[in-house]
Amino acid sequence: MSDDVSTLLRTISWFAEPPSVLPEHIGDWLMETSSMTQRLEKYCAQLTVTLCREGFVSPQSLGEESEQLPPDERYWLREVVLYGDERPWLFGRTIVPQQTLDGTDSALTKIGNQPLGRYLFEQKSLTRDYIHTGCCEGLWARRSRLCLSGFPLLLTELFLPESPVYYTPSDEGWQVI
């Protein structure tokens, strides 16, 4: 799944501002400023993470994502799928410049199969520069540049088809939007 989704991420059309055609329910998810991990946990009994890819990559392998981060010799890349009750809900891709790891600590490289949000939102120095929304093949995504003690990282989240972002509660249970 990781390679297919990684390829899909490169084709996302990004918007600086959410498009006016965005359904309100989906826009609310995409513009979430708190922990997406905590929000997803409200919709399942168990949220799990499968680590798809992790390690250092060169700037050349990032493509246009490198424009969102300061130049560096190498970047830490982490790709995961978050599952809600064993259903794939979210593909996450985190890119961390080496200088961010040097400037804060290397804990970001040791998260393993824990959700990134659990670590990030425990940090008092966490700030968010922006949220860009995007869409590709009917799937919605968001991209945020976050900073830990002023050092940036890029987080891209693609909401997979079974994600609660595409459903809304109704009298008959959850309905597809």
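Quick reminder: no glycine exception, Cβ is built from N, Cα and C everywhere.
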Matching residue for the substrate site, where Swiss-Prot names Met36, Leu116, Glu157 - out of Arg78, Arg87: Arg78
Winner by Cβ contact number (other Cβ atoms within 10 Å) across the binding-site residues Met36, Leu116: Met36
Maximum Cα-Cα separation (Å), residues Met36, Arg78, Leu116, Glu157 listed as binding substrate: 17
Among Arg78, Glu157 [binding-site residues], residue with fewest other Cβ within 10 Å: Arg78
